[in-house]
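Database features (Swiss-Prot):
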type	residues	note
BINDING	His256, His316	heme binding site
TRANSMEM	6-26	transmembrane segment
TRANSMEM	87-107	transmembrane segment
TRANSMEM	119-139	transmembrane segment
TRANSMEM	154-174	transmembrane segment
TRANSMEM	192-212	transmembrane segment
TRANSMEM	258-278	transmembrane segment
TRANSMEM	285-305	transmembrane segment
TRANSMEM	308-328	transmembrane segment
Amino acid sequence: MQKSLITKWLCISCIMVIATIVIGGITRLTGSGLSIVEWRPVTGILPPFSFESWQSEFAKYKAFPEYNSVNYGITLSQFKFIYLLEFIHRLLGRITALIYIVPLIYFYFKDVIKNRDMLPYIIALLLFCIQGFIGWYMVKSGLLNSPYVSHFRLAFHLIIAVIIYHILFYQLIKNRCDILLILSQTDFKLPLIFSGIAITVVYVQIFLGALVAGLDAGLIYNSFPLMDDRFIPMEIKDNFFDLKNWYDPVFIQFIHRLVGYSVFLVVVVLIICLLKIEHPKLNKIAYFLMIVLFMQVSTGIITLLYSVPIIIASIHQLFAIILLSIIIWCYFLIKSS
């Protein structure tokens, strides 16, 4: 009964974290992230209701660079749209944190989760607590002289969310899944290595994806597989190792493509390793990986070719999390055996 309760709690928490990540991506893609220019952790749980309240929020927004440089002349109705998207993202983050923290306290004091098992839950708790500060730290970077948030802070904000999800999902499968029943002579060395490498490169790719979004790097070089008939674009060919390139959307898009190829190759090798073991569970994971990898690559290419359509770009981000989840599941099963 207690195990089932923890499973349901972790499952809901994981779904909420994914939803918050996806809504956060949509908020960025629609340029809504700077519409709320204050951070009120407690009083900010309610949106404006009256016409006067909306006018007040709109007036605050007009005092910052994004209105004057990007959205000058937008109507109150247009402002309400971007405001409510950012509001929903923040509210979802608060609700997700509460859904995680309140039951965790209950489980701890009821000794449902033993002290020896508490460390990952505490780490996730600390990350939840600082994630709001990181989000505001990111937003503040776009409220100064430039109407754009720091792409590094944006990527950091996303990666913290992914780490939270990783911890919760790992605890979920640890609590829910049975280990593999395989003869001891089965060699797990290669699939274990490649599942670990796959997790690493997917993390790197998610981070780079956030940099692409932060610099609007998906709006240039909308061709595939080459960039303006070249593998390495002219802008970065002669100064490839210059650190300033990390502020250049051309370079960021190129690196995102490059790591994308790496993700594809590593996951394909992992799939081959899993199929060679000939175990039903691992074969099922291999088939899932084939489908999700295909969807991830396809949505990424479509996102690029069509200059970042919001729905496809959001699906692309979602499949990155699904791909990571399946690889984590694979890693757990192999390691537990």
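Backbone N, Cα and C define each Cβ position, glycine as well.
Counting only same-chain residues 6+ beyond the ends of the transmembrane segment (154-174), those with a CB under 8 A from a CB of the stretch are 7, 10-11, 13-14, 17-18, 20-21, 24, 28, 100, 120-121, 123-124, 127-128, 130-131, 134-135, 138, 203, 206-208, 210-211, 213-214, 321, 324-325, 328-329, 332. Among the listed stretches 87-107, 285-305, 308-328, the one sharing the most Cβ pairs under 8 Å with the transmembrane segment (192-212) is 308-328.
Each of 87-107, 119-139, 258-278, 285-305, 308-328 was scored by its Cβ pairs under 8 Å to the transmembrane segment (6-26), and the highest score goes to 87-107.
With a threshold of 8 Å between CB atoms, the same-chain residues lying at least 6 positions outside the transmembrane segment (87-107) that come near it are 6, 9, 12-13, 16-17, 19-20, 23-24, 27, 33, 36, 41, 44-45, 47, 113, 121, 124-125, 128-129, 131-132, 135, 168. The list of residues near the transmembrane segment (258-278) in space but at least 6 beyond its ends in sequence, with Cβ under 8 angstroms from a Cβ of it, reads 182, 186, 188, 190-191, 194-195, 197-198, 201-202, 204-205, 208, 285-286, 289-290, 293, 296-297, 300, 323, 327, 330. Non-local neighbours of the transmembrane segment (119-139) in the same chain are 33-34, 36, 39, 41, 90, 93-94, 96-97, 100-101, 104, 113, 149-150, 153-154, 156-157, 160-161, 163-164, 167-168, 170-171; each lies 6+ residues outside the stretch with a CB under 8 Å from one of its CB atoms.
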